[in-house]
Amino acid sequence: MEKYILSIDQGTTSSRAILFNQKGEIAGVAQREFKQYFPQSGWVEHDANEIWTSVLAVMTEVINENDVRADQIAGIGITNQRETTVVWDKHTGRPIYHAIVWQSRQTQSICSELKQQGYEQTFRDKTGLLLDPYFAGTKVKWILDNVEGAREKAENGDLLFGTIDTWLVWKLSGKAAHITDYSNASRTLMFNIHDLEWDDELLELLTVPKNMLPEVKPSSEIYGKTIDYHFYGQEVPIAGVAGDQQAALFGQACFECGDVKNTYGTGGFMLMNTGDKAVKSESGLLTTIAYGIDGKVNYALEGSIFVSGSAIQWLRDGLRMINSAPQSESYATRVDSTEGVYVVPAFVGLGTPYWDSEARGAIFGLTRGTEKEHFIRATLESLCYQTRDVMEAMSKDSGIDVQSLRVDGGAVKNNFIMQFQADIVNTSVERPEIQETTALGAAFLAGLAVGFWESKDDIAKNWKLEEKFDPKMDEGEREKLYRGWKKAVEATQVFKTE
């Protein structure tokens with residue numbers, strides 16, 4: 001009887017369940033979208049119960065549609081949209097407020113106040129993160145401050161906090177396990193990444209009671225079992241958890257110090273495994289935990305690009321220059337260059353290494369001869385320039401020259417982007433056969449814990465290269481193009497509307 005690992009990939013717009021066999025191949029996929037809530041400008045929220053029902057639905061569907069029995073599931077791995085915050089009543093199981101999503105800016109005033117009080121460096125030193133609404137800690141404080149009676153309930157021990165992984169494990173285990181893993185804990189602004197425990201000083205600054213917080217566990221461990229009524233009467237081990245970007249790093253088999261992966265999703269996320277060393281960044285990168293496994297924690301440097309694949313959606317839906325995302329490749333390759341056009345897609349500001357929230361998108365170098373093809377090509381190239389910005393920051397901070405870049409996410413199907421990426425960073429770009437690396441990483445973590453795979457070496461054999469893109473551009477051309485990009489970014493930052 002063939003066994004499988006069931007991976008739950010709980011994302012920002014949809015929940016998916018993916019079955020993996022022992023070769024790391026996909027045996028079935030189910031997906032369900034759920035509603036986004038925007039109660040005020042800049043606020044983004046989800047209904048945590050709706051997320052839970054979407055996860056139940058895709059688990060059921062992937063098993064039923066692929067003629068798999070529940071007793072063929074060797075273990076469950078969970079990967080999740082990071083930072084999104086749920087606070088719920090531990091007796092009723094009901095959330096006391098919507099889940100506040102990682103994108104939501106509703107805690108800006110809390111962050112500003114803590115900065116004004118001089119605590120930014122304290123948070124940076126202990127957590128490796130910036131004091132930003134992106135992370136979970138200020139979201140918990142906001143809920144406790146703004147939901148009537150919440151603070152009193154929390155102090156009485158009646159409320160629980162969790163990121164989405166914690167919420168799902170608690171529900172799947174029938175309220176038995178209130179846990180998170182090192183990678184998710186490291187995104188809360190409340191976890192000391194050096195001492196590997198919740199930090200009392202930070203909790204005091206955020207006024208968050210410690211009794212709300214989950215127990216922090218390794219990323220690969222049996223945390224509990226599914227309660228029988230949620231899983232066809234079976235008690236299946238819940239055995240792997242990691243935040244989405246860290247799961248992708250693991251799914252790309254980036255196990256060695258200096259290994260790097262880049263995800264081209266709605267935004268872009270680059271992570272470098274820095275081994276057992278938490279590298280302090282001087283270049284606007286985040287220091288975070290990659291994963292904890294076998295009693296050992298691996299750290300990572302992370303760079304965030306706010307607009308990556310969403311720039312292609314903008315070409316399609318906003319400007320109507322293309323009918324489908326793949327069409328952008330054929331337009332881009334009809335011309336040999338952009339003829340000096342640069343697109344800086346700072347629609348919501350600039351991420352690493354600039355961290356300029358006030359910058360807005362700009363286009364430079366237009367002439368009467370500029371055509372649609374040049375514009376589309378310049379937009380695609382912007383993904384690659386931003387990636388080089390992050391990679392240079394990583395090399396500078398870590399002292400490691402990146403030897404190859406493993407890639408995943410929707411935009412990696414675009415061969416033009418992959419080749420230009422290799423050219424502009426002067427590094428080989430490796431596209432894997434299985435591009436569902438986030439879900440695969442969660443499956444690998446769960447599989448290790450239940451003995452489905454024996455070791456990381458065993459897993460690395462399952463990583464297969466689909467195509468390698470080697471740099472072909474000469475150095476003079478590469479540096480000239482990149483200098484133009486840096487000038488365009490500088491001009492974008494100078495021009496700001498009031």
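For all residues, glycine too, the Cβ spot is worked out from N, Cα and C.
In Swiss-Prot this protein carries:
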BINDING   Thr12, Arg16, Thr266, Gly309, Gly410, Asn414  ADP binding site
BINDING   Thr12, Arg82, Glu83, Tyr134, Asp244  sn-glycerol 3-phosphate binding site
BINDING   Thr12, Thr13, Ser14, Thr266, Gly309, Gln313, Gly410  ATP binding site
BINDING   Arg82, Glu83, Tyr134, Asp244, Gln245  glycerol binding site
MOD_RES   His230  phosphohistidine
(request) State the three-class DSSP label for Gly410 (ADP binding site), counting H, G and I as helix, E and B as strand, and everything else as coil. (result) helix
(request) Counting other Cβ atoms within 10 Å, pick out the least crowded of the binding-site residues Thr12, Ser14, Gly309, Asn414. (result) Ser14
(request) Round to the nearest Å and give the CA-to-CA distance linking Gln245 (glycerol binding site) with Gln313 (ATP binding site). (result) 21
(message) Among all protein chains shown, how many Cβ atoms are found within 10 Å of the Cβ of Gln313 (ATP binding site), not counting that one?
(response) 14
(request) Can you grab the distance from Gln313 (ATP binding site) over to the residue listed as 'phosphohistidine'? Cα atoms, rounded to a whole Å. (result) 37
(message) Please identify, from the binding-site residues Thr13, Gln245, Thr266, the residue with the sparsest Cβ neighbourhood, meaning fewest other Cβ atoms within 10 angstroms.
(response) Thr13
(request) Could you tell me which three-state DSSP class Arg16 (ADP binding site) falls into? (result) strand
(request) Report the member of Arg16, Arg82, His230 (the recorded positions) whose C-beta atom has the most other C-beta atoms within 10 angstroms. (result) Arg82
(message) Centre the Cβ atoms of Thr12, Arg82, Glu83, Tyr134, Asp244, go out 8 Å, and tell me which other residues of that chain have a Cβ in range of the sn-glycerol 3-phosphate site.
(response) Asn80, Gln81, Thr84, Val101, Trp102, Gln103, Arg187, Gly243, Gln245
(message) Spatially, and counting Cα to Cα, which of the recorded positions is closest to Tyr134 (sn-glycerol 3-phosphate binding site)? Options: Thr12, His230, Gly309, Asn414.
(response) Thr12
